[in-house]
Amino acid sequence: MVGAAMFGFDQGNFGNVQAFESFRNEWCLKNYGDVFSCSEEGSLDNDRWNDDFVTWGATLITFGAAAGAIIAGPPLTNKLGRRPCIQIGGFVCFIGCLMASYFSFHSVPEFFVGRFITGAGVGISCFALPLYNAEISTPGIRGATGSLFQLNVVVGCFISCLITFFDKDWYMGMLLPGLAGAVLVVGGFFIPESPRFVMEKMMHKDHNVEKALAAGTKYLKRIRKGDVSAEANEIMDQIKEEMNIEHVSFIGLFKERNLRKRTFIACTLVICQQTTGVNAFLGYAATLFKQCGINDPIQFNAIFNSIMIFGCVAGLLLVDSKYGGRRCQLLVATVMMGPPLLLAGLALQFDWAGLITMTCVIIYGVGFQFAWGTIPWIYPAEIFSMAEKESAVSLAVGFNYIANAVIIYITPTLMKWSTPGTLLVFAVLNILNAFFVFAYIKETKGVPLEQIPDLFRRKKYDEEGSTTDGGSSSEGF
């Protein structure tokens, strides 16, 4: 799970580093009314960037992640394999972090290119890692390993906050994701390739079932104890079945009403994940918390990220239990996010309400990790068949990164306009998210994949998989 932690380092480091005096002096930045100063002669030419420097520094990493996950990730994983792709992503991230830290040479273009390359490395690894985890895990723990990915992202954010709290060296702060990337590169040599990928690759190359089965069994024995023949045969049967499936194209996702509706839901859900505003808090943590009247924003950011871990753990324990579920947890989370942000925005009007603001922000963070941090990644993969999944999930991931980039880019403008207003905007967006969840999100917990399309044709669905009459207001999609 080092790759997930690398993603967390990447999310958590820049929010603190941008507030370091050494970083602001290096790049000749001013911080919303603070004294404008430069300690490095070479950075005097960069004063025209001002706050746009921070905006693009945060946004370019998202563009890089999108390019890595959507453009580079799929061909690399299919051609080279899961393990090499994870290592390539770690190496690319390491190079990008070096360019954005010790080898930036006071150059704005160099720093920006480094941020983009860092994001590309994170995107490549984070595309391959869930595939690898799913393919090497036994069925009984497959869901748990997938859910643990988000938990490790949160832990990575927390660790980066701790390190940047105690060490104010901006070079080391920017290098943190790259160090995790270096661990991925070295550690990759000690893990086997995915047995499923080995079988699939050999089947496409030689069409020899026995040869592919023997090779896959060999790799499977490296990660399993005891007899693996039954599991190897099951994997081979799945591969042969998939080879006969005609996959749906991107255009095909919009041809049939039910599929069009599910595509709309998947893409809108991941956009809603970004409109919660959590990446505004992570990407501009120290700046935003300082404007919220918090005396030590870097310390509060560490507390904020540490408490979010508990929300993530609670959500993971409940999502597949009889007490939780996708739909109900999303609705509960919006109640934990929208009203507290609304109260925090109103409380900022009063000097004495600092404690109220901090409490509301913490409740908001716990609410996000309780549901919105994980479920929007799980849900799109659940509501599409095997033939539809590749195109649909890729499209949803693309919308996620685009929405992320938009939120990251507009947040500084919102903060310059009004910090209370920024919180109120995100509060309203969270409340709107609740209406979307209530109207469109169906509970998929325990529903067989084969019955998912029927679930979206009816308003009510019982646990036995039968449907009851009753149209849905969204059936027109």
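Easy rule for this one: first residue shown is 1, then count along the chain.
Note that Cβ sites are derived from N, Cα and C of the backbone, with glycine treated the same way.
What TrEMBL says about this protein:
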DOMAIN    1-445  domain 'Major facilitator superfamily (MFS) profile'
TRANSMEM  53-73  transmembrane segment
TRANSMEM  85-105  transmembrane segment
TRANSMEM  111-132  transmembrane segment
TRANSMEM  144-165  transmembrane segment
TRANSMEM  171-191  transmembrane segment
TRANSMEM  264-286  transmembrane segment
TRANSMEM  298-318  transmembrane segment
TRANSMEM  330-350  transmembrane segment
TRANSMEM  356-379  transmembrane segment
TRANSMEM  391-411  transmembrane segment
TRANSMEM  423-441  transmembrane segment
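Sequence-distant contacts of the transmembrane segment (423-441) (same chain, at least 6 residues past either end, Cβ-Cβ under 8 Å): 264-265, 268-269, 272, 275-277, 280, 292, 326-327, 330-331, 334-335, 337-339, 341-342, 344-346, 348, 379, 414, 473-474. Listed by sequence, the residues of this chain that lie at least six past the ends of the transmembrane segment (144-165) yet keep a Cβ under 8 A from its Cβ atoms are 1, 4-13, 16-17, 20, 129-130, 133-134, 137, 172-173, 176, 180, 282, 285, 298-299, 301-302, 304-306, 308-309, 312-313, 316, 319, 369, 373-374, 377-378. Segment contact holds for the transmembrane segment (53-73) and the transmembrane segment (111-132), given three or more CB pairs below 8 angstroms at sequence separation of 6 or more. Under 8 Å from some Cβ of the transmembrane segment (85-105) lie the Cβ atoms of residues 3, 6, 10, 64, 68, 73, 76-77, 111, 113-129, 132, 170-185, 188-189, all in the same chain and six or more residues away from its ends. Remote same-chain residues near the transmembrane segment (298-318) are listed as 12, 15-16, 19, 144, 147-148, 150-151, 154-155, 157-158, 161-162, 164-165, 281, 285-286, 289, 324-325, 329, 358, 361-362, 365-371, 373-375 (criterion: CB distance under 8 Å, separation of at least six residues from the stretch ends). Looking at which of 111-132, 264-286, 330-350 has the most CB pairs under 8 Å to the transmembrane segment (391-411), the answer is the stretch 264-286. In the predicted model, residues of the domain 'Major facilitator superfamily (MFS) profile' (1-445) average a pLDDT of 86.
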